[in-house]
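Peer 1: Please read through the structure below; I'll follow up with questions.
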Amino acid sequence: YDVALASNALGAQYGCEFAKKCPNLKLLLHVSTAFVAGTQEGLLLEKALTMGEALRPGCHLDIEAELQLVEKVKAELAEAKSGGSDQSSEKTAMKELGLKRACHFGWPNVYTFTKAMGEMLLEQQRGDLPVVIIRPTMVTSTYHDPFPGWIEGARTIDALIVAYNEQAFPCFVGDLKDTMDAVPADMVVNATLAAMAVHWNEKGQVIYHVSSAIRNPLTGQVFEDACWDYFSIHPRVLENGKPLENRRPYLFKRFAYFRAYLILMYKLPLEMLHAVSLLLCGLFSQYYNKHNRRYTFLMLLVKLYAPYAFFKGCFDDTNLTRLRKEVKMDGKDGSLFNFDPKSIDWHSYLLNVHVPAVLMYGRKNKGSV
């Protein structure tokens, strides 16, 4: 929580303070995330966040109080550590505190919570600075530039591809009819460059949702079909040389049902096996550890992805549509800086570009999953 506050919240504030000291500044561009909207439903507009306005009704967000809370908890942890206490490490404690505070104010995770704070601080302190805020949705590998499939690490829906590759989840949460709002990384960059060119030396603030759901929605069905098709064409082989069966995960439309099923079918049998293993001097410990790790990974994956799996909001892209038209009206070659999601064939892109990219490049940095 302390690191996220320093980078995502205070980072925006410090950037703004520095920009005010630049006499020839033409534009301050801030990259945020569309999910500063949290888990709100309906049409989500490209508008600024109001300082202190939490997503949870009846709550007021005081950023200064959050910073003081972090310092207080860190001081207590340092004191406990010097006293020989066996409390959790500071890093773990900060993660737990951040998630608790994010949920308290209505955000699903620390990242979106602190990015929202960053926008609030920027809005409060920008004054007359010309500001553009870019809010991308879930960013995937590049569609075209610098080459199709450039990616660093596996995040958001990429974690599902990694798990699918390892057949690590027999079931999951979500609805194949729902939309997954994703956009290739180079389209985010292209939209950013176009916004900089158009708003250079203008006054005021403009916000852009770089999204795809309105113009070219990616459904869970298309995503699942693309993964199935890829692994049918490229079957995985186990260490013993036998092919790994390609199975579609069963989807639960309610998280409570999913959790109950997983506990009954996997967690309880695993704990029974663990007890027997202890009685037999760890005879099954290796088997237990392997499958318990898979269970823990699946629960973590669901915990991270659930807010997006059940996301019922839709990001308005009126400003982005206007920007696309303005770039073309200026006589510029829009094909060089394409950020129109309508040009994407999602099944082909996932099958031929994104899924292999995640497996080739993304898995090298599995710690970011």
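In case you wondered, yes, glycine gets a Cβ from its N, Cα and C as well.
A TrEMBL annotation is a machine prediction, not a hand-curated record.
Computed from a predicted structure; not experimentally measured.
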Peer 1: Select from 4-25, 158-179, 268-289, 290-311 the stretch of residues annotated by TrEMBL as transmembrane segment.
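Peer 2: It is 268-289 that TrEMBL describes as transmembrane segment.
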Peer 1: Give the mean pLDDT for the domain 'Thioester reductase (TE)' (1-192) on the 0 to 100 scale.
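Peer 2: Averaged over the domain 'Thioester reductase (TE)' (1-192), per-residue pLDDT gives 91.
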Peer 1: How many helix, strand and coil residues does the domain 'Fatty acyl-CoA reductase C-terminal' (266-361) contain under DSSP?
Peer 2: 69 helix, 3 strand, 24 coil
